[in-house]
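> Here's a structure for you.
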């Protein structure tokens, strides 16, 4: 009690402190217990997996708005990360804009405490089923705010739908859905929910049929209720249609209708207890919901009257109330014909307009935030409806105190700008319903929003307008204020023209309210304001006046910065004994490259409508000019994989100073960049100058100022589009090419000549100091020591080149391999070592963009040779930028590289060699390995920095030898691969003359062919490093989930997670056995569960195993292994105890078995598996590498695929087709056969003989008589189910066209169900047996077990 008192006191003080001026109230003990109970419950959006493909998101109605939005965003992000784009959300609660935007939810909601309509329930189940059938990974998410009852209804209905219609329903899934629904629809579930689920199940199974005739309600009788005053309200499709007078209940009370009330569809009854006094409120006694289309009526008299009797357990709210008499009943006297007079529903609504409106559900279709805005408007402008309310009260004979309590939105102080901001939706709120033609509007007391004023004096032609017009007499602040200029939209120019804004959540509107309240914002603050990316528009029309003011303010600040630029942006040169000064610009560059930098977490807007940061913002902003280019953010991604090499590569060079415009430069020869600069200054007369840090020549600084003032002043006179283009042009100029005269004039030519002379002298001094640099001299000495080793390896490589098998390097048109080529280029680079000028310029150009490998000609040697026209000093750039390919320690690459993990291979067995199609040309395998190696180096270049030439030359040696060794090791890859290698020339697989019949019994399968079940994989297709290399056919592409789990470089898309990052050489096993074939696709099943793994291995021999992704430990793997003996203390059973489970945990160094200290760390998952296939180590037994999928046998696979390839056909009798909507399964076949048989008996249809063929493409029907149709084809994706007649009826074949002697006279019936093209509904096609040797069961088994099984497997 002390804790409760303390909690109560703290709540009081919080109430007083947070809402000063309001009365502090006292919390009762009941309220305190309720609040404590709610506090103990989990708040926010909760995620619950009903099945592996059905998720429920729910949130209680008591959750605060802030907590709801935060948890909603978090839950949606988790689901999207787990399932990518394979999710779709159905919202069964009230529509909200934040749910639609964050989850992209489909609105299918209905009010709480009511059952959904049958139409809505059928639509949801059909959509769920269709979505799950589209892809095996598709996940359905059901969202509900306000409890789980509505989710439970949908789950239960979908469970019934699967039980009747679906073919691949799992017993576990059905049990999970049943258990979930019973938690909310069990003994305490509302009777109306159960009633509608029974309607739904009966309609699917065909036990009841839909009756679309209306019902006429004559009177309602209530018996055994306690004596109270009540009145009834009747809703049709949740719209109020009738309200009775107040009646005092007794033992038997009757509500007489003044005629008959016409009802059809979903009907909702409410019995409301009238208010006992004028100040008291009403309460609902009971409710009941039913559907007239599903009622089975039995007349009780000659007039056709029927009685629908509902007992206590069938009435909501009182079914479990012990205070109510158990004999309570409600009787509805109805008929299919109207009585003497029919009640006019419209008249009833007009007489009782107030009560039905306040108690209706018509506002449910509005979004919840829209409904809140509507309630605010009702509070703010209640004086508009004051007189109309009085008129309604006088016209209503029933006391207004009898109405129910309606939730009223929180009172909001009147503010004219609020309705204007949200006025775009007011036309949908039904505001006009409050102000009718006969309503009297009081005298106007102030400026009303345009959306409300247009309801008063709006023309007829504007009634259908979707968005409100902007009223001309609104004050300026009502339309927009100055602070709102920098937020994404501008009001329309014409006063009569509507404007449109993107939808935003309630939080966005709240932000805009706060921002609209800002006044007197200066232009400098506007210019420096960063616009959030979510507020920007992709297209903005002609800029308004405030746009120009922002541009002027920015340009003036730009000029001020230029006046100070020469002193702040001078280049620093170093000579012998000098230290290179660290510039602030390098910090900015590192911030761009770092993945966790601020610039990446908060990227600048890509559109011109975003904020432009001026030069006044920071000291180095002008140097980061490339960040102002919108394309930079469209292309930059720190985690993007390296791009494949283009046809031709352009190396851009440019200075890092804002004074020197840049231009693209193509290197066409192996020259020193200093020579290029000197030559360009003589030939072009560029007006560019660089100041000396030590000399500080004033004349050169003046030239800088004059040049830059002109360049930017010329730009300032351009349009905003040219201003953005200027940023790009400034990044694309260099001192080595002719100056773009768009940025210069003849008046600067004399100053440019002076700059040429000064620049030439400075560059010569730099080059002379570079020649005597001690670091360069020492590096040259070290590299010359390796020359002899290179010469010794040349002879061995040449000998290996001559010993290559036929059809390799020479056959592919490759040049002789020269390992010295790389060194010659490196030596040439050392003789032309670039100056700091060139290094600084190169660093300024890269900016952390994704690297691009060097191009290769089609006839290039497989060694890492640079293409013709590419300078050797390109290698020098690798040393100065971490985004360029760098040599690396080859411990990770040696014998452990997966070529197919980087490229997609196209295999054509008719070609003499395996080729890779990339960029429109064919590369041999040698060049393919070369490209793959280059791409791998780019992937790992960020973690490998080399500064010594010795390591660089050693890397060149390795690349030459590795490429040569890889080509030699792939000597079997160019063998001729033709179908004749596996099939005889006259094989039926290649050349079929006829389609075989359906197999009646299990016969001997066709001979085993690897191409039939293993996708063309064969034994000697090359070496496989670490079990993952192998031939090119042994791999799937990166997009295949079940491909090899071999990981390279710490990243893989083959599974949900990676098993290795960086590996330490001292603790990793590197020497792995070489395997001929990659078998990981058989033993690596990332998506299966623990139970599925047990079922897969239960009947397999010891040593059989499977690896899956662990669900309990994210990032880890689970190893399921079949052993020969159970663990100690476990009794033998059904075989599941023989399946042992081990956890493979990842670590920074690799993967290892958890809990096994004597186990080493393996660099990859494949390495662990293959090592344990040689020795058991800590496992109970050695792993046995599978030769086929453990889920199936090779014989089964080969027979299945061979039969599908050949197809099977026979002649049957086509009886007819029936549209069955979404029904499928045996129940569908039963009903369709009955319908078709009745049609044939009545002569409405004609049975004909057809040719029935089943193949991998689907089912094809050909009419043998050409009387009904010619040919019909049903795609394999459209076929859902096939089955025999459950009650085994017989069909008289003698009436069919094409019947002859020898055919079956009394034949059994069968059918298959297929989707109707371009529709979500199904059709059932019925057939009868015709040939004695081809029973219908053989056709059905072939469709289900061969065609549909293969479709599900693929």
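In case you wondered, yes, glycine gets a Cβ from its N, Cα and C as well.
As the structure is a computational prediction, the values presented were derived from the model and not from experiment.
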> With Swiss-Prot as the source, which of 994-1014, 1015-1035, 1036-1056, 1057-1077 is set down as region 'Disordered'?
1015-1035
> Please identify the range among 692-720, 895-923, 924-952 that Swiss-Prot labels region 'Disordered'.
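Checked against Swiss-Prot: region 'Disordered' maps to 692-720.
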> For which of the residue intervals 638-660, 661-683, 960-982, 1098-1120 does Swiss-Prot record region 'Disordered'?
638-660
> Determine, from DSSP, whether residue 144 (active site, phosphocysteine intermediate) sits in helix, strand or coil.
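Residue 144 (active site, phosphocysteine intermediate) sits in a strand per DSSP.
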> Which ones in the same chain are close to residue 144 (active site, phosphocysteine intermediate), with CB under 8 Å and 6+ residues apart in sequence?
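56, 57, 58, 59, 91, 92, 93, 109, 150, 151 - these are the non-local Cβ neighbours of residue 144 (active site, phosphocysteine intermediate), listed in sequence order.
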> Could you put numbers on the helix, strand and coil content of the domain 'C2 tensin-type' (212-337), residue by residue per DSSP?
6 helix, 67 strand, 53 coil
> Looking only at the domain 'C2 tensin-type' (212-337), what is the mean pLDDT?
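Per the prediction, mean pLDDT sits at 88 for the domain 'C2 tensin-type' (212-337).
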